[in-house]
Amino acid sequence: MRILLSGATGAMGKMVAAQAKAAEDAEIVFGWTEATGETAAFPLSANIEDAPAADVLIDFSLHTTLPTLVAYARAHHLPMVIATTGHTPEELALMDQAAEEVPVFHSGNFSLGVHVLKLLARSAAAALPDFDIEIIEAHHHRKVDAPSGTAKMLVSAIQDVRPDTTVIGGRDGHVGARPADEIGVHAVRGGSIVGEHTVLLAGLDEMIEIKHTALSRAIFAKGALAAARFVTSAAPGLYDMDDLFLNDK
Ligand SMILES: NC(=O)C1=CN([C@@H]2O[C@H](COP(=O)(O)OP(=O)(O)OC[C@H]3O[C@@H](n4cnc5c(N)ncnc54)[C@H](OP(=O)(O)O)[C@@H]3O)[C@@H](O)[C@H]2O)C=CC1
Ligand SMILES: O=C(O)C1=N[C@H](C(=O)O)C[C@H](O)C1
C-alpha cells in the first residue's frame, strides 16, 4: 500500500511514518508538508503535485488543507483517510461531495478504545434518560482546535438517542440552573497530554464516568493504517470507525 502522507512532519505524521515502517504492507511514498527543511525517509514537498502514484492518502494536518486534498484525490481517484480535526461546515460538505467519487474514511479518533467509549456513551445516555451529561476532554498545549474532534463525535453519538439536546461550552457568570436538554463540553489544554475524554453522566445521588486515556499516539496511527487498508478496496462513499467494526451501528 503506497501512502501519500499529508502533515508528514507533524507529531502524528511522524508516528504514521514509524508505524508504516513497522508494517509489512505499507510504504510512505511522499510527504506533504510546509516544513520542507526537515528530512524523512521519503520525499517531502510543499507542492502536492510533486507526489508520485499512490494507493491512498492519509491526512493528519490542518483543516484548511482539505480543499487541496479533495481536488488532488478526485483528480487521481485516490481513496482518502481524513484524521485531521476542526473542519468548518463548508469543508465537511466538501468531504461529502468527494465521497461521491472516491472512498473517504473520516474519523475524529482512530483508536479502538475511543470507538468503544462512543458505543458505551450512546448506550448509557439511552439507559439513563434523566441523567445530565457533560464531556471533558484534555489535550497537549499545541492543539489548535477545540473542542476536540473526538468530543464532537461523542456528542453526535449521544444525540442519536437524545436528539433534542443542545451543546454548550464553558459556563461563566449567572447562567441559571442547568437545563436537562444541555450537553456541556469542556476543553482542557496543557503540557504533553496525548488525549483524554471523559463522559460524565450525573443523576440524583449517583454518577457514572466513562473515560478513555490515550497513552501514545501509536493507537491513532495504527487505526489510520487499518482505515487505509479498508478504503483501498472500498467503493466511493463516506466511512467511519463503525465500518471497521461491523455490527456496531
Ligand atoms: N483522528 C485522530 O485519531 C487524530 C487526529 N489528530 C489530528 O491531526 C491533526 C494533526 O495533529 P498533530 O500531528 O498533533 O499536529 P502538528 O501540528 O504536530 O502537525 C500538523 C502538520 O500539518 C502540517 N501542515 C499544516 N498546514 C499545512 C499545509 N497548508 N500544507 C501542508 N502541511 C501543512 C504542519 O506543517 P508545519 O508544521 O510546517 O506547518 C505539520 O507537519 C490535528 O487536526 C489533530 O487534531 C491527531 C491525533 C489523532
Ligand atoms: O490533536 C490531537 O492530539 C488529537 N486530536 C484528536 C481530536 O481532536 O479528538 C484525537 C486525539 O484525541 C488527539
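Indices start at 1 and increase along the chain as displayed.
Heads up, the Cβ atoms here are built off N, Cα and C, so glycines get one too.
If you look up TrEMBL, you'll see 1-110 marked as domain 'Dihydrodipicolinate reductase N-terminal'.
Marked as NAD(+) binding site by TrEMBL: G7, A8, T9, G10, A11, M12, A83, T84, T85, S107, G108, N109, F110. The Cβ neighbour count for T85 (NAD(+) binding site), using a 10 Å radius over every protein chain in view, is 23.
For the domain 'Dihydrodipicolinate reductase C-terminal' (113-244), the DSSP counts in helix, strand and coil order read 47 helix, 36 strand, 49 coil. Taken from TrEMBL, the feature domain 'Dihydrodipicolinate reductase C-terminal' covers 113-244.
Its own atom aside, the Cβ of H139 (active site, proton donor/acceptor) has 25 Cβ atoms within 10 angstroms in the protein chains shown. Look at TrEMBL and you will find H139 tagged as active site, proton donor/acceptor.
H140 ((S)-2,3,4,5-tetrahydrodipicolinate binding site): 13 other CB atoms within 10 A of its CB, across all protein chains. Taken from TrEMBL, the feature (S)-2,3,4,5-tetrahydrodipicolinate binding site applies to H140, G149, T150.
Residues or ranges marked as active site, proton donor by TrEMBL: K143. Listed in sequence order, the residues of the same chain lying 6 or more apart from K143 (active site, proton donor) and placing their CB within less than 8 Å of its CB are R189.
Calculated from their C-alpha atoms, the gap between A11 (NAD(+) binding site) and H140 ((S)-2,3,4,5-tetrahydrodipicolinate binding site) amounts to 11 Å.
Every protein chain considered, the tally of other Cβ atoms within 10 Å of the Cβ of A11 (NAD(+) binding site) stands at 14. The number of other CB atoms found within 10 A of the CB of T150 ((S)-2,3,4,5-tetrahydrodipicolinate binding site), across every protein chain shown, is 25. F110 (NAD(+) binding site) sits 9 Å from T150 ((S)-2,3,4,5-tetrahydrodipicolinate binding site), taking the Cα positions as reference. Cβ contacts within 10 Å of G7 (NAD(+) binding site), excluding its own Cβ and spanning all protein chains shown: 23. In this structure, none of the binding-site residues G7, T9, A11, A83, F110 sits close to ligand 2 with a C-beta under 6 angstroms from any of its atoms.
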